[in-house]
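Trainee: For reference, the structure I am asking about is given below.
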Amino acid sequence: MGACLALCSLASCASCLCGSAPCLLCGCCPSSNNSTITRLVFSFFLLLGTMVSVIMILPGMETHLRKIPGFCQGGTTIPGIENQFNCDVIVGYKSVYRMCFAMACFFFLFSAIMIRVRSSKDPRAAVQNGFWFFKFLILVGITVGAFFIPNGTFHTVWFYFGVVGSFIFIIIQLILLIDFAHSWNKIWVENAENTDNKCWFAGLLSFTVLQYALAITAVVLFYIHYTQPDDCTEHKVFISLNLIFCIIISVVSILPKIQEAQPHSGLLQASLISLYTMYVTWSAMTNNPNRKCNPSLLSLVSNVSNTEPSGDSNPGQVQWWDAQGIVGLVIFLFCTLYASIRSSSNTQVNKLMQTEEGGGSGGEDVVGEDGIRRAVDNEEDGVTYSYSFFHFHLCLASLYIMMTLTNWYQPDTTTQAMQSSMPAVWVKMSSGWLGLGLYLWTLIAPLIFPDRDFN
């Protein structure tokens with residue numbers, strides 16, 4: 001009996017996995033718009049690849065694989081069986097590069113296919129919203145093929161692709177944070193005004209003060225631990241400039257003319273952007289190859305000097321897991337989820353992110369025989385987001401994950417090691433500055449172009 005029920009359940013999900021229907025009649029999908037479900041499933045593909053990359057780069061993974069008889073070349077052998085796998089490629093930074101290469105190719109392929117899809121009536125929309133099983137097979141196939149790419153200069157070349165892609169993705173992250181902060185402030189202010197409950201204003205004030213306090217604390221810690229009296233000039237410039245920029249955007253956000261043009265702008269958004277700017281500053285400074293200016297978090301916590309490396313230290317040995325990398329992954333997860341479910345009324349952000357205001361229209365609720373509401377095709381009259389740009393965003397996210405998991409270290413083909421590099425520092429800082437410029441533009445644009453709609 002149980003086996004029959006299981007077969008019936010699998011059959012009911014077959015249209016989701018193999019069919020072209022966007023899960024409209026499928027009991028295995030939650031009650032929601034198909035545009036949201038599609039973005040969540042593609043984001044799940046990205047998160048699944050991220051988890052595989054994390055497992056591959058775990059310390060000691062290659063050692064454990066070599067213990068499997070007959071698996072790794074140079075590992076434990078079984079008489080009469082030749083070890084086939086090069087475990088140096090399937091674990092470590094090389095595996096992360098290849099896994100993220102496969103994900104980037106997968107999403108770039110769909111980005112090219114979905115160019116100029118206008119509504120769900122386009123035949124390509126069926127591919128976007130269905131055939132999940134076959135799309136998963138395509139991703140697996142590209143991944144397997146990526147591990148057969150010869151070493152050569154692949155990792156060095158792909159490193160520069162990762163730098164450029166991550167630069168763009170950091171800017172997109174900041175745009176999403178700006179949009180989130182605007183929506184957050186708008187909703188809480190409207191709740192306070194409609195319900196006459198002052199707790200909403202107290203919550204806004206509390207979060208604003210907390211975020212500014214964390215940003216100021218970060219600045220103080222940066223000056224203490226990431227600068228030296230006679231060294232680390234770049235760090236001093238970075239910290240000082242970003243502190244000045246954060247003060248500027250905070251002052252501009254509460255100017256009377258800005259408030260008149262944008263009533264919902266305020267210190268909550270500025271405080272969140274300031275805190276994120278400090279994170280980008282910290283992330284950039286941790287890539288400085290000068291160890292005097294870049295102490296490890298372990299040395300800071302244990303109060304151990306890191307100015308002089310020990311004689312037996314391996315220059316190619318890198319620390320895969322550090323605090324800034326973990327924070328970067330958390331922010332990435334938040335932004336990816338937010339990009340999948342967002343429905344913003346901010347015209348400027350919608351234009352930048354190629355999305356439409358609201359959740360779309362054209363479909364009616366679909367109710368199954370059991371009375372449960374199923375996923376709705378809400379894109380018959382027009383798509384609620386750019387399919388192509390969404391996939392391009394996930395392609396950039398794949399490159400950002402690659403750089404984050406490898407700590408932005410640059411592969412050295414001569415020593416087969418990973419080294420910190422100043423280009424990574426400048427890429428992060430310049431993306432942070434460009435993001436601050438975009439936020440400042442969202443504040444002053446309505447004043448410069450009063451005839452345009454910036455609501």
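Placed from the backbone N, Cα and C atoms, the Cβ positions cover glycine too.
Sequence annotations record features per position, and here TrEMBL assigns signal peptide to 1-16. Feature annotation from TrEMBL assigns transmembrane segment to 36-58, 100-119, 131-150, 157-180, 200-225, 237-255, 267-285, 320-341, 389-409, 430-449.
What's the neighbourhood like for each of these?
Mentor: Outside the transmembrane segment (200-225), and at least 6 residues removed from its termini, the chain residues within Cβ reach (under 8 Å) are 185, 188-189, 191-192, 235-236, 239, 243, 246, 266-268, 271-272, 274-275, 277-279, 281-282, 285, 295, 300.
Listed by sequence, the residues of this chain that lie at least six past the ends of the transmembrane segment (237-255) yet keep a Cβ under 8 A from its Cβ atoms are 215, 219, 222-223, 226-227, 265-267, 269-271, 273-274, 277-278, 281, 284-285, 429, 432-433, 436, 439-440, 443-444.
Same-chain residues lying 6 or more positions outside the transmembrane segment (430-449) and placing a CB less than 8 Å from one of its CB atoms are 166-168, 170-171, 173-175, 178, 241-242, 245-246, 248-249, 252-253, 257-258, 261-262, 265, 269, 273, 276-277, 280-281, 284, 348-349.
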Trainee: Under 8 angstroms, Cβ to Cβ: which one of 100-119, 131-150, 157-180, 267-285, 389-409 has the largest number of such pairs with the transmembrane segment (36-58)?
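Mentor: Stretch with the highest Cβ contact count: 389-409.
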